[in-house]
């Protein structure tokens, strides 16, 4: 029973995601589409606009057959670590192929780029180290190396976010899961970071911006998302009275930083090179989350990198809890349909890691972090409602 894996965040699920699912099913000729989705906190260090359970429902109604969770340990990381965790998890779940969106829609440039970098690994590492020593951020340092090696020319521009992620997927497949077939489809219309909605295919960034700025869903948003996403967004807002963004966590985050010792901050995952002092010193004068970010951000420390550190502060994720280099040791199912249930029944005897449907009565260290992350995510809603929303973690997967 062939399956195709998609590495996703669905923040929120939109028409472009539905197109991706449909195209992936066609190009892979798979009977089962498996989406591995980040939980409540995302790769760029952001809270999801609605929780993972409502996003799972939207994904299942949008064509995914199974949604499994990418553990927090891998989800809130740079592109390589994010990709490594996702690919290894999908491999353990038995997928035949992985399909991702790219600028060109062709695999050849990705294979060529991987071959070039692999053959120039020593030069790549040395150039990267030199660029970082010059004070460049990791993305800028890596892009400069790509330019030096001629990898920003032609069809594959590794300065583009989707191509960077796609390349990370291909690299992870080659190194950890060579039996998986990588596939790509060409992205439609909007760029990854476009902030305005132009038509029925729009970026998740533009959809979130429109929703959060207006605190409503206007005709442009309606046109860019499936009806089930509209229902899930509205359902979450009706229950909690909010859609999540970082500004709502600002008071709690600022309080955490101001009441932590320097040593405690030093122990937070991602805090290096004295950054703990800059984070704490700027907290006192910060008037908002965005204001605080502008005070901390430097050429070396990007917005995304700082956001990831802030998420780790919210979740109290420490350096000694960094399991990112470990192989995934469980697979958690968030939801599935009948096709997904058939896939699970067909393959379950072949899995070499436990399949988890709830964090109840589990003691795994990664799941302990997941539990903290969920509690941190819901911390900005009323206490009684927090308990109710958290109970979703203890229940079985969503079945449609």
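Backbone N, Cα and C atoms are what each Cβ position is placed from, and that goes for glycine too.
These come from Swiss-Prot:
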type	residues	note
BINDING	7-20, 101, 162, 187	ATP binding site
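Residue 19 (ATP binding site) counts 19 other C-beta atoms within 10 Å of its own C-beta, drawing on all protein chains shown. DSSP assigns residue 162 (ATP binding site) to a helix in the three-state reduction.
Most Cβ neighbours within 10 Å among the binding-site residues 10, 13: this distinction goes to 13. All protein chains considered, the CB of residue 7 (ATP binding site) has 25 other CB atoms within 10 Å. Residue 10 (ATP binding site) carries neither a helix nor a strand DSSP state and counts as coil.
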